[in-house]
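Report on one structure; see the data block that follows.
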Amino acid sequence: MQTGSTLHDDRTSVSALGGLGARARGASGRLLPEIWMQNGAKRVEQALARLLCAEDHGETELMAAMRYATLHGGKRTRALLCLAAGALADTPAHILDDVGAAIEMMHACTLVHDDLPAMDDDVLRRGLPTVHVKFGEATAILVGDALQAHAFLTLASLDAPGDNRIALVRELAQAVSAEGAAGGQAMDLSLVGKHVELDRIVAMHRMKCGALVRASVRMGALCAIAEDAADATLYCALDHYSACFGLALQVVDDILDATADTATLGKTPGKDAAAQKPTCASIMGLQAARQFALDLLCEAGEAIAPLGPRAERLAQMLQRASAYLFKHAPSA
């Protein structure tokens, strides 16, 4: 993979992202991005609290641990991507909220399992003790299993046509399959202590992180626009956008693991180096990895530019990611 010949400088990157957001804001007059994101995250959290209500399921230790894993922080990036893609059409908010909640349940499942001693062996997540530390390993395994099941139950119970529900279930299942997050985690574990090419790391990141990001975007669109009924360019643009966005998120995570403190990360820093895990940051160097992430965010913006103002929320998600990178991983 060549990166050096295509790098933009920071000024170009910010200009490209800012231009997209500025056009979208000027065209819509809708909620400011920060307010929309806060409201969207709150709606999804309310849906999670409702779907994992102790009164409905009983306040068992398992249910308490499931709520702990899902309701205590997080940027809700994947759910917001779902809501942003849902804004491409007039998708009912209550459907998007539940789909976003299902995605967050699945994301929490992957985090709970990734944190286990047999996997990444981490004791902090979102600034709190990980589920296996607080509730024990056996409960943590069951939490991941149950959250996965509840995610699919949520999608199967949506107030939506059967074909839509099937498409959503298939999309989420594919994202965490052996070709998605599970396969990516297996590849991650297999690369520990090895010298590998950048392409291998990129392929692993696209599976481990990128597959669920891609599903989040596609599921938001699928709520209202069936793929076979959409303009041929729509899902192609969304797939390109999400592939770049998902990889950029993981590259940023690689950088912050090497540079940020516990308060910023919400988890133990320096874990990748301590475990001898190859990452984009360790292979490329911090500054090249940072520029790589910015280039990916710009490429994602270019992918959705033809969609015009209706993609404003997706463009604003890119701006948020770029701002986070500039804040927590400034250039040398």
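Each residue, glycine too, has its Cβ placed from N, Cα and C.
Of the residues K194, K267, K271, Swiss-Prot puts just one in the (2E)-geranyl diphosphate site with R125, K208, Q250: K267.
Swiss-Prot lists K75, R78, R126 as binding isopentenyl diphosphate, and of H94, H107, H150 the one it places in that same site is H107.
Note on D120 (Mg(2+) 1 binding site): other Cβ atoms within 10 Å of its Cβ, all shown chains, come to 20. A sphere of 10 angstroms centred on the C-beta of K75 (isopentenyl diphosphate binding site) encloses 15 other C-beta atoms. R125 ((2E)-geranyl diphosphate binding site) falls within a strand segment according to DSSP. In the structure shown, the C-beta of H107 has more C-beta neighbours within 10 angstroms than that of any other entry among the binding-site residues H107, R126. Listed in sequence order, G100, I103, E104, H107, L212, V213, S216 are the same-chain residues six or more apart from R78 (isopentenyl diphosphate binding site) with CB atoms under 8 A from its CB.
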